[in-house]
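Notes follow the structure.
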Amino acid sequence: MPPPPHKTRLTRPPPHQQEYFISGFHIVLPLLSSELHLAPAAQTWPSSVFTLAASACLLPLGRLSDLRGAHPVFAAGLAWAALSCLAAGFCRSYAALVACRALTGVGAAAFLPAGITLIGKTYRPGPRKNLVFALYGAFAPLGFFAGILLGGVAGQFLDWRWYFWIGAAVMAVICAAGVWAVPRDLCRNVPEGAPGMDWWGVVTVVPGVVLLVYGITESSQAARGWASPQIIATVVAGACFLAAAVYVEGWVATDPLLPADLFAPPYMKRLVAGLFLAYGAFGLFLFYSSFYLEVVLGKSPLQTAVWYIPMVGCGLVLGAVGGLTLHRLPGRVLLVLSGLGFVVACLLFALMPEDPNYWAWVMPAMIASSVGIDIAFTVSNVFITTNLPLKRQGLAGALINSTLFLGISVLLGFGNVAVAHTSHLPLRENYQVAFWLAVGVAGAALWIFAFIDLGQAKSQLTLEEREQIDMQNRQGSKQLSQPPASV
């Protein structure tokens, strides 16, 4: 029997620090690029390396959370990310900045699945858990806007380095609060039969993902594009590592990083594929919308930050309302609404005129993007954590966040290629190529969501309890079907 809900100090979800480092970095990136003399084609890599490092390390660190307990992994990840973020503020070269951003992503890969594990184990399935995950999702726009606002303030009034130093200080405070706030009994509650670390999976999956995405992203900077020898070698090496990972995970590993039962729940594979595309479209929207507002429309960093406020307000409303309605509305309806939000947000920027009216174009796009990301995040968190056993909660958090980060990394790489190959166009039309790519990707995600029937998130039972009841029912039916013994 799983532990009852804790009524101790863990009463609310942890803040979304990763949103801070995704959103705010895009605001300071134009200023940072000017100071470090970054070519336009090189600007994508400092942004995408954070999500790439996080997505590559989420599965092994999620497994470590299941193996050693979520609390120490959560605290260590925050401390690691704080130190690497602090170091990023002192960077004076492109290579050092990329390295620090990658190390920060590794820290995020530790505390994100551990945080979801702590919440998933604390609250039982049902309306209360729906509300908690909706509130957890509501912190995303707060972290997102904090990154944009502080990025705008640092870029306009201070120095871009302060963006990293403030982030490091905030993470240090969260780390200290997490050490104090997480219940001690939960820290020691590692499920029996928790799998061991899959080192063969680590040495094949992590380099495979990194090399493949690196090759896609760097192809736009190479002299001969995809035909460049270093790009061919990188992509082929990444594909070979991933092919080896498929063999290792399927036929060699005793406890694979991606066990087959992780995708056993109905519609799980389809949901992961749809989320991968939806999050990729959101990454394209987020990256190129900030550049579009600052570079094409000529808005200051602070004004750009203010223009993102509707995304925050809508996210807070969805967080407050979503937890109260998630068990009343079918999951398919919510996913379709999310997919429509992604499509509308990207489409508005793709069709945006040269001198757009904020209220007619920018604000609706921000609201639509919030509808897309917040609903998708909440629904996927509740569905995945509820339909996987306690021993898989760390991997559940890793799967959720690796889908998010890997989708952003891969699609940003393809977006960079598309923009680089149309660089002869005027700047506005050049960026619109990326938005049209995002429209197509979001449309594909919407099509997949339309064929996912998740039902309503209203069960009050954990997966283990549902399986135990089914077993008892089968045993009872078997006993009733047997003829009575003769006297």
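Using N, Cα and C of the backbone, Cβ positions are placed for all residues, glycine too.
Pulled from TrEMBL, these are the features on record:
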DOMAIN    1-458  domain 'Major facilitator superfamily (MFS) profile'
TRANSMEM  73-90  transmembrane segment
TRANSMEM  96-119  transmembrane segment
TRANSMEM  131-150  transmembrane segment
TRANSMEM  162-183  transmembrane segment
TRANSMEM  199-217  transmembrane segment
TRANSMEM  271-293  transmembrane segment
TRANSMEM  305-326  transmembrane segment
TRANSMEM  333-352  transmembrane segment
TRANSMEM  358-384  transmembrane segment
TRANSMEM  396-421  transmembrane segment
TRANSMEM  433-452  transmembrane segment
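Beyond the transmembrane segment (433-452), the same-chain residues lying 6 or more positions past its ends with a Cβ under 8 Å from any Cβ of the stretch are 267, 270-271, 273-275, 277-278, 280-281, 284-285, 287-288, 331-332, 335-336, 338-340, 342-343, 345-347, 349-350, 372, 411, 414-415, 418-419, 422, 425. Within the model, the domain 'Major facilitator superfamily (MFS) profile' (1-458) carries an average pLDDT of 79.
Listed stretches 96-119, 162-183, 271-293, 358-384 were compared with the transmembrane segment (333-352); the greatest number of C-beta pairs under 8 angstroms is found for 358-384. In this chain, the transmembrane segment (358-384) lies in contact with the transmembrane segment (271-293); the count of Cβ pairs under 8 Å, excluding pairs fewer than 6 apart in sequence, is at least 3. Looking at 96-119, 199-217, 396-421, the range that has the most CB pairs within less than 8 A of the transmembrane segment (73-90) turns out to be 96-119.
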